[in-house]
Amino acid sequence: MHRRQLLAGGAGLGALIATHPQRALAAPAKRLGHDGFPMPQPARTLPQPLLVQDPSRTLLERGWRFHEGDVVPPMPDTHNATYLSVKAGNALGAAAMTFDDSDWKAVRLPHDWAAAQPFLETANVSQGYRPRGIAWYRRTLQLDPADRGKTIELHFDGIATNATIWVNGSTVAHNWSGYNSVHIDLTPFARFGDETNVIAIRVDANAMEGWWYEGAGLYRHAWLVRRAPVAIVTDGVHCDPRKGEDGRWQVPVTATLANTGRDPASVTVEALLLDPDGKTVASGRADASVPVLQQAEATLKLDAGNSQLWSVETPTLYTVVTRVLRDGSPVDERRTPVGFRTIRFDADRGFFLNDQPVKLKGVCLHQDHAGVGVAVPDALIAWRLERLKAMGCNAIRCTHNAPNAELLDLCDRMGFLVMDENRHFNPAPDYMEQLEWLVRRDRNHPSVILWSVFNEEPMQGTEAGVEMVRRMAATVHRLDGARPVTAAMNGSFYDPVNVSTVVDVMGFNYYQADYDRFHQLNPTKPITSSEDTSAFETRGAYESIPAGHVITSYDEEAASWGGTHRDTWREIAKRPFVAGGFVWTGFDYHGEPTPYDWPTIASFFGILDLCGFPKTAFDIHRAHWIDDEAVVGIAPHWTWPGREGQTIPVFVSSNAETVLLRLNGRDLGVQKVDRIMGNEWQVPYQPGRIEALAMRGGKVVATAVHETAGAPVALRLTPARTVMAGDGEDVQPITVDAIDARGRHVPTVNQMAQFTVEGAEIIGVGNGDPNSHEPEHGDRRSLFNGLAQLIVRAAPGKGTITLSATADGLKPARLTISRLATQAPPQVPVTPPTMTIGEWRRSPAMAERPDPAIAPPDGDNNSWAFVRSGTPTRPEASAGWRVYRAAFRPWKRVGAEGGTIRFDSIGGTAELWLDGQKLATKASAAPGPLVADIPAGTGPRRVALLVSAPANSPSGILGKVTVTTR
Ligand code: GAL
């Protein structure tokens, strides 16, 4: 094709042919799909909320404090300071419990701090030219005394990238991957009631695990887990249905239990199988004894009989409810969605789902979206999957790492087949743990059909590589006897030693010319393309402009190792022995700006752009992949003022039999549909209406239309949904475009638009231009080739969301969206950070009132006890005195202005001294508070509390001690 002469969709071209600006604007919904506006009709209902699978988990996403940059504590400079600094609970600097984070920024999770960074030429190209760096998060957490005795965990579903986590001044986790969950057993560290807990996390996002944008921070969900002392461990239910020889279904259930209590426990595990209507259709029980601080398994089988099958078209889900009963009462419960389906990879005939051949029409995905970076909210993930479903896509490869758990829940529900991929090619224990975690977490999902242990590893053709894969595959098979293992290879397939010999399914990344030869040489080895295509398109551009880093979306350009969308699918489609393919990629992502670099900051590979706006490839794949509905797409748009009379290649993709192209009612000829390669007409441009009529049996079965737009006169806002959940979590993308006087989408507008919103908040903006350096946070964004996107998060509660968009010279757009009263997922309440003095030195008992200056000599860590406030001293037979000492640095405001020190409860009479000055006295011996003003001063401030305890009564610092502003 010779298109180089063609067309630049430059800014403001439409302005040349303004018509009838006085006419009333058409209602947006009416115009959808009829004027080249590429987004679907807004849905009128809320999506189903994601399942709560584990009622013991509560989101821990509010009330975090964030500091960008490292906080390096001074090194201890004396022997004693060193001695103390390495003790449990005594972490220094920002990891210390008493650290002043009062001026840190309040943030909520999921949070990707890199998404707010500017693009810098000096930053890493693969990471999208965004500096990532180091940052800290802290959160204060209060636990109900009723939770004492429970098993308590913290879960972070993903932290980019290297993280060290402290709880109450003790290191509780080092985590070295941004793609696995971190589960922390908080039980031994937990403090209850008035005593607060402090979580501190240092995140080093300079570390790279990928060659794509990986974001930075706590970018997936975070949870507080509270369970009975004898309960199912995290990811501890395995209940993947199996079909017996007799054709009947069974669900083998294994529950792994743990006991954090003080006594061995005998429990019963009960499992119920609920059908899609929630009716119990099978149940079973098994007993287990769980020794103290150990684990035990309970196994049973549910006889599911002839269950409705799970498939891509009908993703029917059942639920396994697994309960732990202690003395007959339920103490723990998990709900696990399951699907009844069989899977099989056949060396000659590809993939079979429920014994039917299903070609994998897949895409590779990174977790990343315009505006939000890697912190993609669940509702946006759901929306992205809907876009893929609308394209006929039935398979997803999670590249090159474990996805977030919610993606798989959605894939189960929506009927996607998933290749679940591990990040690190390494069988050493630290990394094997990550692989084991992945399999344990994901092995119940009907959507998951394949485990991938690596992507493109240079050691794939070596003896060591083979040994590594053997071990990793064995681990996967030990944990999951039902799914095959693959590895995404990019070469070495014919080397005498190579990993294809030790995987169940051969995964080809590219190398399409080798499909046949490999198949001949390995006739019993099933094959799939694990990755292919790597074609380049700029959305809305129909001419490549190398100097401007713009790439035509006529599906002409691809990486040297890849192929166009059409050439690639042709090779996969015609070979039954190739199970299917995974296009690189479904959506654009930040980073990897191949084939360019600076100033390009995002990829060109997507079938949809970074905002999820479709490129021409979207229509091409619809034609390739959709069988049950006639489709037709037409490119380019038809607004080319100044090009009158020039030839424009018109590209049509359809799955019908024939296509008739019409320009302004005039037939331009019928062509037999080439479903793979598409059809093309050379059309002398004339403004008006170009339509492609797709036909079967002589009947029009689908049409695609573009009309020449006039000058833009107004902005338009089109939501994905007309309703949002008022649960404080719901998010949706809103499309911004400009329309002409007749309400038609103008595909050439590149103007800056400004947004205001009430009843919701803008969490990101984008436009799909890989060359744009406009910030992705804020309230303004240029349209790019006619489109921009803002992503809004609804405020909590019932109400109305009002959005408006303005741009110079255009009539503003206004949009209202209803916010429905919806129950919010439970969140752990926010505990405002307060300075507490928790750690004290306590003198031995003394018969006489001591000098308030008395203190153990520096370095004597033995003569005086280390005690925590809230811990009474055992009653003594005779009255006596004790001194409590602590040193603290007041938080900044108190240091500057002075403040108040408050002892919630002191047992005994007391004198309070600060820096050698007496501040207050407590006259009554009965337990009660003591409050005093403290003068300004940054410290360290030295407190001494002299307590005179009466005989036979608890004494000392019985409650919390806080230092606050006045
Ligand atoms: C592949 C690789 C992907 C991506 C792609 C770009 O080799 O697996 O992660 O880099 O190339 O074409």
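Positions of Cβ are set from backbone N, Cα and C atoms, glycine also.
TrEMBL lists 117-207 with the feature domain 'Beta-mannosidase-like galactose-binding'. What TrEMBL lists as domain 'Glycoside hydrolase family 2 immunoglobulin-like beta-sandwich' is 237-341. Per TrEMBL, the feature domain 'Glycoside hydrolase family 2 catalytic' maps to 348-423, 430-585. The domain 'DUF4982' annotation in TrEMBL covers 645-702. Residues annotated as domain 'Glycoside hydrolase family 2' in TrEMBL: 715-815.
Of the two recorded stretches, the domain 'Beta-mannosidase-like galactose-binding' (117-207) does not lie close to the domain 'DUF4982' (645-702), with fewer than three CB pairs under 8 Å once pairs fewer than 6 apart in sequence are set aside. With DSSP states grouped into helix (H, G, I), strand (E, B) and coil, the domain 'Glycoside hydrolase family 2 immunoglobulin-like beta-sandwich' (237-341) comes out at 0 helix, 68 strand, 37 coil. In terms of DSSP secondary structure, the domain 'DUF4982' (645-702) contains 0 helix, 39 strand, 19 coil. Averaged across the domain 'DUF4982' (645-702), pLDDT for the predicted model comes to 98.
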